[in-house]
Amino acid sequence: MSTSEKAPLTPVLTKRWLSPQSWRLETYEKLEGYTAMRKALSAAPEQVIQMVKDAGLRGRGGAGFPAGVKWGFMPKDEEKPHYLVINADEGEPGTCKDIPLMMADPHALIEGCIIAAYAMRSHHCFIYVRGEALHPMRRLHAAVREAKQAGYLGHDILGSGFDLEMTVHAGAGAYICGEETALLDSLEGRRGQPRLKPPFPAASGLYAAPTTVNNVETIATVPSIINGGSDWFRAMGSEKSPGPKIYSVSGHVERPGQYEAPLGTTLRELLEMCGGMKDGIPLKFWTPGGSSTPLFTADHLDVALDFEGAAEAGSMLGTTAVQVFNETVSVPWAVMKWTQFYEHESCGKCTPCREGTFWLAQVLERMVDGRGSEEDIDTLLDVCDNIGGRSFCALGDAAVSPIQSGIKYFRDEFLALCESNRPARAAGTVASPEPVPGSDSQAAQPVGAQA
Amino acid sequence: MSSPKGGPAGGGAPKTATTFGEDTVAEARELISRYPQSRSALLPLLHLVQSVEGYVSQEGMTFCAEQLGLSEAEVAAVATFYTMYKRRPCGEHLVSVCTNTLCAAMGGDAIYKRLQQHLGSESAPLGHEDVAGTPGESGSVMLEHAECLAACDLAPVLQVNYEYFDNQTEDSAVELVDALRRGDKPHPTRGAPLSDFKTVERRLAGLLPEDDDEFWTDVDGPSQAVETMRGAQLAADRNWTAPAAPADVPLPEVEAK
């Protein structure tokens, strides 16, 4: 089809979403469902892994690690049970792709799980679903039930000799459980706190056994790769970031929604499909992949939104959660809101993140309240330096992203908030940061207090 | 560290037997059997006790400890870590308003504030996790502000008992909680027919309706929001497709190692 040579949208994951009752097995099977599973089960596990490696499928949960390579880390022997764990704990602010995917097409995820588990010699797969994602969880339970009845799960799947059990597991409200080792601790019935790596989960994961944790969108992509092959997959996207990707566009655009496009699509192209900025009010800032990815501005409309393009422009692709904000939104306010989120979700395990996010939020609240000073900007950046790269897991790095990028592109706006507090200092009073209500000044010392 | 006194091993009925009867014990055992190691069932069990009492009480934690052979301290450490476990009795319904940045900018903060004042009063707005009405009675509502609910394309959103009510306004949210207070159950934009917090906690524990009709009615509750399908619809309208997949692509040959 010549018109689709360079189609701006390439529905692969979303192609079944328009079908009535797309979540039912009957619909899925009418639309090629479970054909890839049959193909994979008739091949060797190594061939399946090689196919996913050749396709260059990269993790869709934010980090972009090559999925086939991750699978290849799993040991060949089965001295201990192997586990496949699906990270369905979607909670990164702005991210809203896995939840609609699980609602619309749960069998794509189940089929992907069967193929991935077979490739990694796993006989028990867990889908860890965010607790607040109730309706997607129902659809998963139903899909598992249907798949079991059809003989696609359980003992000796379709006579292949391969057994697979699947457990849908609900979380209970903790953003940190999206971090793969925190997720494993949570699945073991503990507080969701990250583990030290190494050992990586492939060596010691769930119950200290070999484990692979993959994102929903990553695994749901696998059946199409097994059927279409690596060349077909690579016909979309860029060389290092191949394939289609669901871009979740939200905020001040005319038609927010889920747009599945080749990796490397730009915001300019996405905005065109979204009908432009809402009411024509100009774009001010946006996130390419959730609040943990440094902000972009109107200067970044033509950045290729793939793993390399976003990184070269100073941010990260993340989850392709494109949150668009217009000129009416204050950057310091938005940054404060996100910081309050990270403060709330910091698991408390490591000091830089636990204490740092606590103080960052208070400084930002003071600034937004008009009680800040210019030095607060330096304090913020200094605290950020003491969190980024120094915390136990990526939550700390994520927490400083909006602040650092916000100040980098919109320093004037932060300064303007401090404007009213200038005359006092001009008059010669020694500037001492206003005490934060309820604070213990001693507690502030460890992080960034030397400024 | 305190450990439960007189667990099942101590002879006689466990001290939680009056609140959590034989049925709950049987359900707990069933949930535990789904996992290779019993402790993995702790999060589901906490949802289960919440489905019985409407919150996680001290007794609920003791029950989990008894079932799993854990200390009460181990259970308490987990119960207090996760925001979905309520430490005070919830209302018949839980209303969660997303106030993360994007929803907040689109009106979520205003919705939350309006509901606080509407369910409380202007001078004494209802606080986070406070209940309007009496927990246990029909029409009681716990209000909370929530972090990103992963429905940003439908912002501002709120959930009632974790069912989605999308594209809300201050007025629609007020109408919604008024209906809940009257004892009505408005249908969510996406989700199953509205039940109540306790019922939903059973689902989260992993216990689905046993009746087949009820099971499928819940599963088939709406989800196909215009926003969700916008990209797919646009592609269909414009005849944009992914490249055609070739038939019968062989899997790559690999040398056996």
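Cβ atoms are placed via backbone N, Cα and C, with glycine included.
In TrEMBL, annotation is done automatically, which means it is predicted and not curated.
These come from TrEMBL:
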{"type": "BINDING", "residues": "B:Cys98, B:Cys103, B:Cys148, B:Cys152", "note": "[2Fe-2S] cluster binding site"}
{"type": "REGION", "residues": "B:237-257", "note": "region 'Disordered'"}
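This view paints the features noted in TrEMBL onto the structure.
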{"residue": "B:Cys98", "record": "[2Fe-2S] cluster binding site", "DSSP (3 states)": "strand"}
{"residue": "B:Cys103", "record": "[2Fe-2S] cluster binding site", "DSSP (3 states)": "helix"}
{"residue": "B:Cys148", "record": "[2Fe-2S] cluster binding site", "DSSP (3 states)": "coil"}
Enumerate same-chain residues with a sequence separation of six or more from B:Cys152 ([2Fe-2S] cluster binding site) and a Cβ-Cβ distance below 8 A; give 'none' if the list is empty.
B:Leu102, B:Cys103
Would you mind listing, in sequence order, any of the binding-site residues B:Cys98, B:Cys103, B:Cys148 that have a CB less than 8 A from a CB of chain A?
B:Cys148
Across all chains shown, how many C-beta atoms besides its own are within 10 angstroms of the C-beta of B:Cys103 ([2Fe-2S] cluster binding site)?
31
Might you list, by sequence position, any residue in that chain lying six or more from B:Cys148 ([2Fe-2S] cluster binding site) with a Cβ less than 8 Å away from its Cβ?
B:Cys98, B:Asn100, B:Leu102, B:Cys103
When you measure from the Cβ of B:Cys98 ([2Fe-2S] cluster binding site), how many other Cβ atoms are you left with inside 10 Å?
30
List the helix, strand and coil residue totals of the region 'Disordered' (B:237-257) as derived from DSSP.
2 helix, 0 strand, 19 coil
